[in-house]
Every structure is written in C-alpha cells, then in structure tokens.
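As recorded in TrEMBL, the features of this protein are as follows:
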type	residues	note
TRANSMEM	26-50	transmembrane segment
TRANSMEM	70-86	transmembrane segment
TRANSMEM	138-157	transmembrane segment
TRANSMEM	199-220	transmembrane segment
TRANSMEM	241-264	transmembrane segment
TRANSMEM	276-294	transmembrane segment
TRANSMEM	306-324	transmembrane segment
TRANSMEM	330-348	transmembrane segment
Amino acid sequence: SQYSAVDTSPLSVYIMQPIWNKIIKIVPLWIAPNLLTFSGFVMILFNYFLISFYDWDYTASGTSPGLIPNWVWLFSAFTTFCAYALDSIDGKHARRTQSSTPLGELFDHGLDSWATSIFVLSFFSVCSRDNGKTGVSVYTMYIYLSIVLFNFMCSHWEKYNTGVLFLPWGYDISQVILIGGYLFTSAVGVEIWQKPLLLGYYITDILVILLIGFSLFLSFPQTLYNIHRAHLKKTLKNDSLYEGLLPLVSPLLLFVLLTVWVVLSPSNILAKQPRVFLWMVGVAFSNVTCKVIICQMSGTRPELLHWFLFPLALVVYAAISGLLGWMEEAVLAVFTALVTAAHVHYGVCVGRQLSEHLNIYIFSLKKRVQE
C-alpha cells in the first residue's frame, strides 16, 4: 500500500520542517535512508546505556550533588537531537534518492516503536526516583511509560483503520521538551528537579500532568475523530467493529498482565528492578506494535493473541502465586534477555525477508543482482 502521512503540528510545520530541509542538503546522495534511521537509533541506545552506567537504579539524581557528570546531560541533548533530526529527514532523503520502499517505512516505524520507550527511560534519570523527599515513584514511571506507548500504538491503530498515519502533535513537542530538559539540567544542575517550581508542584508533576492532558484531551480524541471521519466518508479499511478493534486486543492484554505483575508481585519487582522491568515493557510493546504495523502495511489481519502473551502469562502467574519465591528477580532478568533477543531476531528476519522480496539492500542503495 502507498505510504501516506499527515503532519499538522504547528511546531513541525513552521519551525522544524524548515530546519530539516536545510539539514537534508548536507546528506550525501549515496547514503541509504535506512542508514540514517539506524544511526539515530544506535545513538539513543548508546546514550541509554551510558546513563544506565551512572544511574542503574534511577537514584543518582536524587542524591546531592547529583552523581551523573554534567557532560552526560549535554551528550543526551545532542544524541536526542540527532536521533530526532535523522528520524525526520530519513523519509525526505528516501524521496530525494528515489528509494522509498515498504522496507524503509517498516524500518523507520519499527525502530521508532522501540526508541519511544528508550527516550522515556533515559529521561527518568533526570528526575530521579522517589527517595521519600523528592523524585517520582517507580509506579508513576510505569504509568507514564504506558501512556506514551499507548499513544504510539494509537496512531498506528488509526493508520490500520484509515490507511493514513496522522503524526501526533505530541511527537515534536515531546522531542523538543526532552532536548530542552537535558540542556536545562546541564545548565542549572540536577537540583532544580528536587525543588518545587510552582505552587508547591515540581517540574516532574507538571510534565506528568501535561502528558496525561495531551494524551486524554488531544491525541486520543484526535484518533477517534479521524476514524469517525473515515467512517462517514466510507474510506475505512475494515467494515466490522471487531476487525477494527482487533489490533488493540494484544496491547491491552499485555498492559493488563504487566500491571498485574507490578501490583501483585510478592517481592515488589518494579521497585527492586525498575530498569530491567521497564526495559522489558518497552521491548514487549515494540514487538506487539511491529506486528500491527506489518499487518497494516500488508493488508493482513493481526492475530487475536500475540505469542508473547503466553510465556508472559506463565511468568506472571508463577511470580504472583509465590512459585518463583526469591528467584523472581533472576527470572525477570532471564525473561527480559529472551524477549530482547526474540525482538532483535524478529527484526533481522523481517528485514532480510523484505530486502530479498524487494530485491534491495537494507543499508545500501546498490541494487541486488538477480539470482
């Protein structure tokens, strides 16, 4: 199917697009668009592991003085900007080099679905976790991450039903807030996050309120409105309500299972291993979303239950029933490693199949020789 996306965000249209149009002119024509996409992803991944090294349990910023060197925040701002720029110009570059393909679209959105959680998990290190005085509780982090992932899922669910990807306004705003937040932190020090800013509210409180407000009153209603409009114009891809709602079943069940684990865990797993648990949440959502993106691109029906829900249900049951006992953390670690490996393997396989099917290379504009 022909790729179509609509971007109406004023920030994007009036400020960012003109900047991208300047940057794109520097990119040599022999560079493959997927290489741009992938480079941006690798940068934020590297940045995430760098921050994890200094702040494994999200407490570094809550101690005074903060334990994360100042240059790390500057580097975070730099990598976030680069990833944002590369993600914004890869499509333009593909059109410039006449190399737009379904593989590029899948590669871009598939990596975005994973990057979304990594952006959020890196930023949590700025505000630090709750230490009794300041900071954000790990439960707030989990809900925050879930809302962001739900928003991402919604825009692709909407495309599954309408055939058009309406780029959410929140995307550009969130990227600019992330970059600004890192620069601000490096300029005034991490202590600013530990002091009330307005009427006894902390910056983090304000950001959480903004995010929830954006999701509930802007993104989600916009999604429903776009689907309703397509329904009135008779341009919906799916006739029945069941077919239309099908892609939401697995992500919702995934969220339910994970939340049950968080709430009923005997060892309070989220508080013990927030970094591992939240990483696993991000990877799992990314995999479920990728399946929806592929179904939407290929015009196929998504399966009702994603395979991943079955092992997860087993692990959650074993954990909350007390079967795992003291091994809960170890099982989480092994499970997270397996899920991550399965997701990477899935990405590599789909990429290879598509590149063979379309007779192109993933990271090069050279044409493949026909066998």
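Glycine is treated like the rest: Cβ placed from N, Cα and C.
TrEMBL does not curate its annotations; it predicts them automatically.
Non-local neighbours of the transmembrane segment (70-86) in the same chain are 19-20, 23, 36-37, 39-41, 43-44, 46-47, 50-51, 54, 115, 119, 122, 126, 175, 178-179, 182-183, 185-186, 189-190; each lies 6+ residues outside the stretch with a CB under 8 Å from one of its CB atoms. Each of 26-50, 138-157, 241-264, 276-294 was scored by its Cβ pairs under 8 Å to the transmembrane segment (330-348), and the highest score goes to 276-294. When Cβ-Cβ distances below 8 Å are used as the criterion, the transmembrane segment (306-324) is approached by residues 250, 253-254, 257-258, 260-261, 264-266, 269, 284, 287-288, 291, 331-332, 335, 339, 342 of the same chain, each at least six residues removed from its ends. Here the transmembrane segment (241-264) has long-range neighbours at 139, 142, 146, 150, 153, 156-157, 160-161, 227, 270, 277, 281, 284-285, 288-289, 291-292, 295-296, 301-306, 308-309, 312-313, 315-316, 319-320, meaning same-chain residues at least 6 beyond its ends whose C-beta is under 8 angstroms from one of its own. Same-chain neighbours of the transmembrane segment (26-50): 72, 75-76, 79-80, 82-87, 89-91, 93-94, 96-97, 99-100, 103-104, 107-108, 111, 114-115, 118-119, 121-122, 361-365, counting only residues six or more beyond its ends whose CB sits under 8 Å from a CB of the stretch.
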